[in-house]
């Protein structure tokens with residue numbers, strides 16, 4: 001029950017990222033447009049008074065503001081797209097449903113435009129009744145004030161309607177309305193019902209949200225910012241932080257702008273105050289990110305590099321430099337945070353506490369900087385330095401330097417004190433047990449706690465998936481010693497990364513548990529040894545080309561811990577734009593998984609590559625895939641290997657991102673080209 005709910009929350013959290021991703025563009029337009037009206041800047045650059053420049057700046061400001069004014073609609077459309085696999089029909093259904101829901105609430109409660117205008121008049125007079133209005137004018141519709149929550153509710157319902165009815169069959173005389181055309185129709189009916197229910201259910205919910213907002217923001221805002229920072233960072237590993245911060249950014253708090261309109265939410269209030277040119281009172285739930293993202297985490301990356309083994313410093317230095325620079329410039333911290341989250345959780349605990357104090361310190365100092373993307377240098381320039389007199393953004397620099405020092409010394413001390421296995425400090429060698437191919441499944445079964453400890457057994461092309469009865473009986477170190485490159489633990493679910501042989505291990509373990517095969521007896525084998533030297537031909541260089549038309553992304557951005565953590569090997573992520581996967585080099589097909597979602601290839605020089613089409617696509621049981629080749633077949637670079645129904649994958653798989661992994665890199669060097677747009681003729685990697 002909990003795990004199912006957890007999975008649904010993760011999906012919702014990811015869906016919310018789509019509308020949030022629009023905000024940086026809107027924020028840039030609003031910030032630059034507003035800055036061009038800044039009196040101090042106009043004094044320095046009088047040419048900004050030119051009528052054409054004034055018109056351009058006004059258009060930019062208005063273009064940015066209209067996005068923030070209509071966030072609920074964007075959340076409705078974005079949530080539907082995210083939860084329905086990106087299908088445009090779901091977005092259309094959400095748009096129609098959102099309009100109908102608001103119109104229904106307005107009619108049921110007899111809300112008129114006069115009610116809205118009377119509020120606007122009261123807001124200008126700052127009357128008590130005008131501070132927390134229950135009504136709003138949404139796209140010209142007088143209705144209840146449901147904010148972004150209303151958009152999310154309707155978007156989720158539209159996605160549910162799409163997933164439920166997109167392939168519905170109707171009688172022949174209604175055939176035109178079958179399939180996806182039926183989705184907006186049924187969503188309209190659902191929207192009417194939702195509007196009626198919310199007409200009576202939302203007012204008490206609204207009162208509760210207002211009370212919670214007042215309590216958090218007015219009773220002890222200093223403590224609230226500290227707790228907010230801790231919880232927000234703590235939820236990063238689970239992907240639930242988007243759900244947590246959304247009410248703070250888009251609903252909690254209120255401000256009446258110069259037009260008499262009520263603006264809700266910390267981020268939206270900050271943008272409204274930016275446009276109005278008044279002192280900032282918002283930003284308590286955004287400003288705290290700047291010190292630890294721009295200064296703290298890059299310093300932590302340096303501490304990790306400093307403590308790496310000498311022979312691994314070059315590799316670790318490159319990784320940490322890239323991750324630290326990304327955090328500093330853009331505020332994207334996940335590549336750096338995930339580099340130590342699983343191998344050294346104590347460091348992440350330190351990081352979480354420091355993040356909480358960062359929010360607290362920024363609030364105590366009165367620093368108020370908005371953001372639309374994250375707390376990196378780019379947002380710092382746009383929303384901090386351009387408004388330094390109102391935001392007090394210059395204080396971020398000395399505070400950030402202090403945080404850099406604290407992060408560095410705490411990470412350095414913890415790594416050495418607790419002998420943490422951060423990148424570059426892994427054991428030189430892992431003891432590998434001598435287990436033959438025949439004995440391996442027996443040994444893995446023993447390491448999992450034996451037959452009685454196995455509740456469910458499964459596998460995909462990369463990992464053995466086992467649900468156990470008692471996790472304490474599992475010998476994780478023993479599983480790694482048997483050749484697993486990593487073991488993930490989620491509750492009582494164990495995932496052992498054995499690579500392409502995972503499915504065979506599962507198959508043999510199932511037969512062992514059913515009694516079909518028994519443990520082989522120990523046999524001593526004597527081989528005749530030759531005194532003749534063995535000549536090994538150098539493999540040389542292997543060029544690896546794109547497996548289709550699409551986008552290349554770093555492996556660290558693949559939404560799967562096993563691939564992103566390079567447990568299977570190094571490589572890249574590929575986002576296909578056309579439904580055809582082609583051979584990346586001349587070679588041989590070594591493996592085609594029974595569910596067709598993954599292909600193993602070997603080049604003529606012996607380099608082994610795994611192409612895993614999508615994430616968790618093993619669960620599709622072959623639906624959406626059409627294999628064009630056979631095992632042991634010779635293929636040439638660019639030859640089609642698999643036809644893929646991308647629309648089906650987008651609707652039924654968590655992601656279509658396709659990891660492309662070198663599984664036998666070992667002591668060879670992998671050079672990844674600086675490529676984003678790819679096609680079958682473009683070089684993306686070279687193995688030397």
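Using the three backbone atoms N, Cα and C, a Cβ is placed for every residue, glycine included.
Quick caveat, the model's predicted, so the values are computed rather than measured.
Residues or ranges marked as active site, phosphocysteine intermediate by Swiss-Prot: 460.
The active site, tele-phosphohistidine intermediate feature in Swiss-Prot is assigned to 612. According to its DSSP assignment, residue 612 (active site, tele-phosphohistidine intermediate) is in a strand.
Residues annotated as domain 'PTS EIIC type-1' in Swiss-Prot, with sequence analysis given as evidence: 3-427.
The domain 'PTS EIIB type-1' annotation in Swiss-Prot covers 438-519.
The domain 'PTS EIIA type-1' annotation in Swiss-Prot covers 560-664.
Here Swiss-Prot flags 12-32 (among others) as transmembrane segment.
Among the features that Swiss-Prot reports, transmembrane segment is placed at 81-101 (among others), with the record citing sequence analysis. Sequence-distant contacts of the transmembrane segment (81-101) (same chain, six or more residues past either end, CB-CB distance under 8 Å): 11-12, 14-18, 72-73, 139, 141, 150-151, 154-163, 166, 180, 183-184, 187-188, 190-192, 194-195, 198, 647, 650-652.
Residues 12, 15-16, 70-80, 83, 94, 97-99, 101-103, 105-106, 109, 111-113, 115-116, 187, 190-191, 194, 198-199, 202-203, 206, 209, 246-247, 250-251, 262, 264-265 of the same chain lie 6 or more positions beyond the ends of the transmembrane segment (137-157) yet place their CB under 8 Å from a CB of it. What Swiss-Prot lists as transmembrane segment is 137-157 (among others).
Remote same-chain partners of the transmembrane segment (182-202), defined as residues 6 or more beyond its termini with a Cβ less than 8 Å from a stretch Cβ, comprise 89-90, 92-94, 96-98, 100-105, 108-109, 144, 146, 150, 153-154, 157-158, 161-162, 165-166, 168, 170. The transmembrane segment annotation in Swiss-Prot covers 182-202 (among others) and rests on sequence analysis.
Long-range contacts of the transmembrane segment (223-243) within the same chain: residues 6, 9-10, 12-14, 16-17, 20, 216-217, 284-285, 288, 333-334, 337-338, 341, 348, 351-353, 355-360, 362-363, each at least 6 residues beyond the stretch ends and with a Cβ under 8 Å from a Cβ of the stretch. Under the heading transmembrane segment, Swiss-Prot lists 223-243 (among others), citing sequence analysis as support.
The transmembrane segment annotation in Swiss-Prot covers 284-304 (among others).
Through the fold, the transmembrane segment (315-335) approaches residues 236, 289, 293-295, 297-298, 301-302, 304-305, 308, 371, 373-379, 423-424, 554, 556-557 of its own chain, all at least 6 residues removed from its boundaries and within a Cβ separation under 8 Å. Feature annotation from Swiss-Prot assigns transmembrane segment to 315-335 (among others); the stated evidence is sequence analysis.
If you look up Swiss-Prot, you'll see 340-360 (among others) marked as transmembrane segment.
The feature transmembrane segment is assigned by Swiss-Prot to 364-384 (among others), with sequence analysis given as support.
Look at Swiss-Prot and you will find 395-415 (among others) tagged as transmembrane segment. If you look at the transmembrane segment (395-415), the same-chain residues 6 or more away from its ends with a CB under 8 A from one of its CBs are 287, 290-292, 294-300, 302-304, 306-307, 344, 346-347, 350-351, 354, 358, 361-362, 365, 367, 369, 380, 384, 422, 425.
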Within-chain partners of the transmembrane segment (12-32) [C-beta distance under 8 Å, separation at least 6 from its ends]: 57, 60-61, 63-65, 67-68, 71, 74-75, 77-79, 81-83, 152, 155-156, 159, 239-243, 246, 267, 271, 274-275, 370-373, 379, 382-383, 386
CB contacts for residue 612 (active site, tele-phosphohistidine intermediate) [other CB atoms within 10 A, all chains]: 28
Outside the transmembrane segment (284-304), six or more residues from its ends: residues with CB under 8 Å to it: 221, 224-225, 228-229, 245, 248-249, 266-267, 270, 316, 320-321, 323-325, 327-328, 331, 333, 336-337, 339-340, 347, 351, 354-355, 358-363, 367-371, 374-377, 379-380, 384, 396, 399-401, 403-409, 411-412, 415, 422-424
Long-range Cβ neighbours of the transmembrane segment (364-384) (under 8 Å; 6 or more residues past either end): 23-24, 26-28, 31-32, 222, 267, 270-271, 274, 280-284, 286-290, 292-294, 327-333, 390-393, 395-396, 399
Tally of residues which DSSP labels helix, strand or coil - the domain 'PTS EIIB type-1' (438-519): 36 helix, 19 strand, 27 coil
Taken over the domain 'PTS EIIC type-1' (3-427), the model's mean pLDDT: 86
